[in-house]
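> Sharing a structure below in structure tokens format, with a few things to ask.
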Amino acid sequence: MRPGPRSLLLPTPLSLSLRALVLLCLATRCQAVQAENVTVLEGGTAQISCRLQNYDGSIVVIQNPRRQTLFFNGTRALKDDRFQMVLFTPRLVRITLTNVSVSDEGGYFCQLYTDDTHHQVATLSVSVPPDTPTVEVKQEAVEGGEVELTCLSLRSKPPATLRWIRDRREIPGVVSQQENGKTVSVSSTIRLSVERKDNGAAVSCEASHPALGGQKRVRHYRLDVHFAPTVRIIPPPGILREGDSLSLTCSITGNPLPRDVQWTRINDTLPERAEISGPTLQVSRLSQSHNGTYLCQAQNNYGRAADHYALLVYENVSVTTMVLSTSHHATSHPITLLITPSYAPDPRDPGAVIETHSAVPYAVIGGILALLVFTIICVLIITIWCSVRQKGSYRTQEPILNWY
């Protein structure tokens with residue numbers, strides 16, 4: 001005979017016993033255990049705590065995520081010295097774990113063995129801050145091309161955030177992530193157009209992470225842009241004449257900087273007294289046989305460059321002038337004059353820097369000649385005046401002699 005609906009509402013013996021047990025637990029203040037979750041930095045020390053309520057001396061067991069017993073009523077059960085029991089009281093049981101790694105993550109069980117086993121799980125989370133990121137270059141940066149830079153943060157948890165900065169401005173990058181077990185590898189890639197003016201320019205990659213507390217790990221990088229060399233000969237000041245020394249310096253730029261500098265003379269060989277020291281060419285005791293166009297050349301893997309200098313040595317000539325004295329004797333005085341050539345080089349020639357001084361010898365010669373003419377005129381005037389005075393004196397004395 002099927003029971004009617006009324007019979008389904010009648011309490012069964014099992015339900016009565018459970019209700020009685022609950023009432024009994026409330027009346028007798030049953031024991032309980034509570035666990036606290038923990039988050040710690042990798043390499044740090046974690047404190048795992050189990051709080052006890054109405055503890056009456058029952059057995060307390062702490063297990064790791066693999067359900068291996070670490071401590072049994074305060075006694076070590078697993079030989080791992082990183083775990084230490086630091087507190088065991090009727091209210092609180094606490095252990096420490098030093099040198100925490102991501103493999104230690106998981107739930108740690110706090111179990112209280114009474115008539116009924118009670119347990120709570122304390123979850124241990126390990127945070128892995130990123131190291132200072134690295135910068136990788138896919139290929140060499142060449143003037144007029146592009147360079148690809150990749151910023152890498154190899155290990156973090158949770159994933160680090162990467163930002164590229166140049167001149168205080170963020171450069172958007174392509175971000176990718178790859179899981180490595182419980183940690184994550186993060187990369188950010190950018191592409192930049194480069195010119196030779198960008199060589200040495202600074203860019204930075206910043207890594208931020210919750211575990212860093214607002215700080216950032218920064219990697220600075222300077223662009224290494226390769227370009228062909230440039231060459232410029234630094235000419236000597238003033239004009240050059242026979243007997244002077246010549247010193248030419250070849251100023252070179254380029255990346256990489258050319259190691260070898262070549263000095264030559266167009267359509268001729270270098271003078272015997274020429275000495276080359278790095279980028280400098282020196283020639284002592286110049287003569288007109290040293291005239292010519294000197295060439296400086298340099299090259300690297302990205303090109304070649306050259307500059308030339310036209311050397312023009314002026315000749316020294318001695319001119320003898322006659323100066324009359326009051327004693328009617330002529331005195332010769334040698335005067336050295338600088339004679340310039342009757343031709344002028346092409347002003348478009350890079351060596352024309354010396355031609356801007358070509359007017360100086362004419363001015364000097366003119367001044368000297370003017371001074372000589374003035375001196376001769378003065379001497380002649382004085383000589384004539386003295387001669388006239390002497391004749392007048394003789395004429396005055398003749399009547400006096402006749403009177404006697």
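Cβ atoms here come from the backbone N, Cα and C positions, even for glycine.
Copying in the features that TrEMBL gives for the protein in this structure:
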- 1-32: signal peptide (SIGNAL)
- 5-127: domain 'Ig-like' (DOMAIN)
- 130-219: domain 'Ig-like' (DOMAIN)
- 229-312: domain 'Ig-like' (DOMAIN)
- 362-386: transmembrane segment (TRANSMEM)
> Is it possible to list how many residues within the domain 'Ig-like' (130-219) are helical, extended or coil according to DSSP?
6 helix, 56 strand, 28 coil
> Check the domain 'Ig-like' (5-127) for me and report the mean pLDDT.
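Residues in the domain 'Ig-like' (5-127) carry a mean pLDDT of 80 in this prediction.
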> On the DSSP side of things, how many residues of the domain 'Ig-like' (229-312) fall into helix, strand and coil, could you say?
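Across the domain 'Ig-like' (229-312), DSSP assigns the residues as follows: 3 helix, 50 strand, 31 coil.
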